[in-house]
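Asker: Marked as disulfide bond by Swiss-Prot: Cys30-Cys164, Cys51-Cys67, Cys99-Cys257, Cys143-Cys211, Cys175-Cys190, Cys201-Cys226. Taken from Swiss-Prot, the feature domain 'Peptidase S1' applies to 24-250, supported by sequence analysis. The N-linked glycosylation site annotation in Swiss-Prot covers Asn80, Asn252 and is backed by sequence analysis. Per Swiss-Prot, the feature signal peptide maps to 1-17.
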Amino acid sequence: VLIRVLANLLLLQLSYAQESSELVIGGDECDINEHPFLVALHTARSKRFHCAGTLLNKEWVLTAARCDMENMQIYLGLHNISRPNQDQKRRVPKEKHFCVSSKTYTRWDKDIMLIRLKRPVNDGTHIAPLSLPSNPPSVGSVCRIMGWGSITTTKVTYPDVPHCANIKLFDYSVCRDAYKGLPEKSRTLCAGILEGGIDSCKVDNGGPLICNGQFQGIGSWEGHPCAQPLKPALYTNVFEYTDWIEGIIARNTTVTCPP
């Protein structure tokens, strides 16, 4: 029965891809002006980026809890890692906020980290914030993913520039069918391309999922290898955490994370 259900979903996805010019099979280099809110995270000793994140305002960045690391450095306004933009900035964290310890999140719950920068950044040609969502995401939405993650699945190939692609938002049950052990309910989103070939991948964790123009998800977990058929990725549902995020930013000491 499960195989038949997944096969029907695959046929629906193939039909959708044929009808919608917005869907792509493989990612391409992002336009340099498309991602002023996208940030790159790495350690001072690392030569490659560890994760991505999203600038919410001049002081705050939102990413995944799994992206926590020592000696974190945050790059803003970055496009080509080999040719820095003139307005590119580097910052370090002043504060880190978690729903739970960065060591006890799960792939289906509370994989979220809010970072306050030690020094604010001003808007620029390649630096600008992305607002929190005003509405919850809708199943069937076309969503945009982006990051400096691996662009190949059989071996790790990191690009110098971020790649962007469109994927589709599915009902959470699709990911439950694909990955055994997921709970019946979760504050995560399920998104991808059911025929495979496009997905978030290594180092894209923490980056944004933008659906119908709204920041709806944080890259959390994908199948291994990436971009396999019938294996969508999981994204932390940003809308479910907006009260917590806004409370932390407003310095509300009584705000609590969703149970």
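From the backbone N, Cα and C atoms, a Cβ is placed for every residue, glycine too.
Looking at the shown structure, can you explain where the listed features end up?
Answerer: Under the DSSP three-state reduction, Cys164 (disulfide bond) is assigned to strand.
According to DSSP, Cys67 (disulfide bond) is assigned to a helical segment. In sequence order, Leu41, His50, Cys51, Gly53, Met113, Asn205, Gly206 make up the list of same-chain residues 6 or more apart from Cys67 (disulfide bond) whose Cβ falls under 8 Å from its Cβ.
In the three-state DSSP assignment, the secondary structure recorded for Cys99 (disulfide bond) is coil.
Classification of Cys211 (disulfide bond) by DSSP places it within a strand. Taking a C-beta cut-off of under 8 Å and a sequence gap of six or more, Cys211 (disulfide bond) has these contacts in its own chain: Pro137, Ser138, Ser141, Val142, Cys143, Arg144, Leu169, Gly217.
Within 10 Å of the Cβ of Cys190 (disulfide bond) there are 24 other Cβ atoms, across all protein chains.
Neighbour density for Cys226 (disulfide bond): within 10 A of its CB lie 22 other CB atoms from the protein chains shown.
Same-chain residues at least 6 positions away in sequence with a Cβ under 8 Å from that of Asn80 (N-linked glycosylation site) are, in sequence order, Asp160, Val161.
Look at Asn252 (N-linked glycosylation site): DSSP puts it in coil. Around Asn252 (N-linked glycosylation site), there are no C-beta neighbours below 8 angstroms that are at least 6 residues distant in the chain.
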Asker: Fewest other C-beta atoms within 10 angstroms of its own C-beta: which of the disulfide-bonded residues Cys51, Cys99, Cys257 fits that?
Answerer: Cys257
Asker: With Cys99 (disulfide bond) as the reference Cα, tell me which of the disulfide-bonded residues Cys30, Cys164, Cys175, Cys190, Cys226 is the closest one.
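Answerer: With Cα distances computed to Cys99 (disulfide bond), the winner among Cys30, Cys164, Cys175, Cys190, Cys226 is Cys190.
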Asker: Based on Cα distances to Cys190 (disulfide bond), point out the closest of the disulfide-bonded residues Cys30, Cys164, Cys226, Cys257.
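Answerer: Going through Cys30, Cys164, Cys226, Cys257 one by one, the Cα closest to that of Cys190 (disulfide bond) is Cys226.
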